[in-house]
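Read the structure below first, then the notes.
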Amino acid sequence: MLAKDKKISVELRFKLIIIILVLIIIVGIMSPVIAPNDPYKTDLFNTLKSPSIEFWFGTDALGRCIFSRVLYGISNSIISAMTIVLITFSGGTIIGVISGFYGGIVDEIIMGIVDVFLSFPGIIIAVAVAGILGGGLKNAMIAIGLISWPKYSRLARCEVMAINSETFILAAKLSGNGNLKIILKHIIPNIIGALVITASADVGIMIMELAGLSFLGLSSPLPIPEWGSMMNEGKSMLQSAPWITLFPGTAILIVVILFNLLGDTICELLKNGQRR
């Protein structure tokens with residue numbers, strides 16, 4: 001009975017987290033309609049206004065509405081992070097599956113490349129690449145993507161190698177099934193769980209890395225509303241106008257926690273499914 005109740009609570013938690021995240025993303029997409037003010041409009045008569053009924057999150061040094069900029073920042077922060085994860089998850093998984101399935105010289109070459117990427121601190125490579133490519137959200141996404149795919153490749157390879165000698169895989173090979181069919185029908189469905197858990201938590205990490213590059217001035221150029229760049233704008237006014245940094249920072253914190261909880265919840269759901 002306790003196990004059943006726990007399973008129900010985990011499922012409810014999963015649904016609740018998904019609903020909250022979907023609502024946040026919808027708000028981001030609908031921000032041009034929902035936002036009370038133009039996030040780009042400057043108003044020198046309302047600079048550095050503290051939170052009020054007129055400006056819920058206050059205004060910045062140029063009189064721009066922080067609340068509206070935080071809403072617009074959802075697309076530039078969350079959706080950009082999800083795009084990075086989707087691309088690196090897909091590409092890294094394909095490379096890892098090929099490496100683990102075929103083995104031999106193919107595995108050695110691929111893992112050699114992966115080891116090179118993993119041997120350096122990822123954020124240092126991202127900063128270097130973003131610096132070379134120049135500022136901008138697109139270049140920041142490319143920089144972070146370059147350091148993110150190897151972990152999916154290594155994880156996918158390990159998962160494939162763990163089941164490659166299982167009876168059902170050997171039976172599929174002996175039945176004359178082609179490699180592509182075996183990978184799509186038997187390999188991918190059995191390794192996708194661990195990869196999805198990693199990807200779910202990774203969205204939060206991508207948001208923080210994008211914010212980090214923005215904070216260093218290597219991501220979204222001004223005046224594009226992106227949470228990290230907004231924090232960068234307010235860092236010199238932490239004492240006089242803390243709300244400029246506080247609200248985008250809080251938005252990052254909430255979303256990162258939600259995606260981390262999503263990853264943990266998916267992990268619990270998969271464990272409960274295996275016990276049945």
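Each Cβ is built from the backbone N, Cα and C atoms, and glycine gets one as well.
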Range annotated as transmembrane segment - as stated in TrEMBL, picked from 84-103, 144-163: 84-103
Intrachain residues whose Cβ lies under 8 Å of the transmembrane segment (84-103), provided they are six or more past its termini: 110-111, 141, 144-145, 148-161, 164, 179, 182-183, 187-188, 191, 195, 199, 202-203, 206, 210
Cβ-Cβ under 8 Å with the transmembrane segment (240-262): same-chain residues at least 6 beyond its ends: 13-14, 17-18, 20-21, 24, 48, 50-51, 57-58, 60-61, 66-67, 69-70, 73-74, 77-78, 200-201, 203-205, 207-208, 211, 227-228, 230-231, 233-234
